[in-house]
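Below is one structure, written out as structure tokens; comments come after it.
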């Protein structure tokens, strides 16, 4: 730990990484406070901040020669086989770590690698190279299985803990596995933090972007007060301010043969309203809609839009154009609505729900990986980050209010490299609720722009449903005619 006075140059360097956000650190009294410019107080500067050689310091950090926490079950022949691009990452990491050891810098590296790159297998390879006892920390239980599979493939002795840190601490009195796979809430226990700081050298923070380290979280406190000897942050969408805790980044672009298309499903809707909708519309401009809760609630009861989403999905699925579908909503009630309707159409052998409230969901996710055809309905919170179903070929985004980081993570669910190259994403920019029409259009346009400009998707308009259904075309025509008549009549008046 480094308690330092906040001099001007140090403050400037740290503040630069927050990208305009407030800078918050632990002070010498252990309080997590905002750092003001010109402050005369001392603050705990994270160890990982000094991993970048561009940060000048006279501090000297311990290297691995000071510990003896080595993996006993390591077998080099079990190291996973990597693609050339993954080997390039390993080479970069090894080269950077040699320089860090030479300069006596902390061995902290952020692996900023695209969704579908294979961060898990690449990191397991690095783990085998280092041969050091390791803690793998994941934000939720759903990510544990993919780590378990890769760690077992490497042949490492490991233990998974999801049932509570107290139980784990009792078990660690009689056993000392080479690899611990835990959920991040374990870090709220100081005794556990002290244990892994003493007995484990390598700490892997999976999906590091899910933690805002400018907040006083368990992960923030762990990295500040119990900093590991070595640390990897893994992410496809790094959070800029988290660099303060892990300031060395490796980012290698990945070329892909995937054919990625985002289909914009446009439709004209007559205004739709119910008592419930009118009640929620009154809350749109209030404080209760600060995070667009009511905007998404309105979308969940927008019956014409929901029917369009279902019609499009059913048509594409029945035609065989898409086979392994992820349907994403923002709200749980919206997820349940789609699940029930799809279940009635296709049955429980095809339709599954990714419900965070169901403890059996992770096991169900494992079981559907082998299916040739399925529809998986879930929420952005549960499946937007880290969902491990590599065979997904299509994504239906039913919500609209999604930030850039979530968009990139979500689209990454259908960008995993497999033998089948076609990937399709469907978005729905229209709504029948006129009070949110422009807002929804703008939010969906942001999804489209990011997918095309940053992730290499090709944008196309989806016309199949309207063209294949003559009654739909007639309905649209008559609707347009009525709208034109109203405009004409109002002008005459």
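A Cβ is built for glycine as well, from the same backbone N, Cα and C atoms used for every other residue.
Swiss-Prot assigns the feature motif 'DESH box' to residues 206-209, out of the candidate ranges 194-197, 198-201, 202-205, 206-209. Per-site Cβ counts within 10 Å over the binding-site residues 114, 116, 117, 118 peak at 117.
In sequence order, 236, 408, 409, 411, 412, 413, 415, 416 make up the list of same-chain residues 6 or more apart from residue 115 (ATP binding site) whose Cβ falls under 8 Å from its Cβ. The Cβ of residue 120 (ATP binding site) has 21 neighbouring Cβ atoms from other residues within 10 Å, across all protein chains displayed. Its Cβ taken as reference, residue 119 (ATP binding site) is surrounded by 23 other Cβ atoms within 10 Å in the chains shown. Mean pLDDT of the predicted structure over the motif 'DESH box' (206-209): 95.
Counting every protein chain shown, 22 other Cβ atoms lie within 10 Å of the Cβ of residue 113 (ATP binding site).
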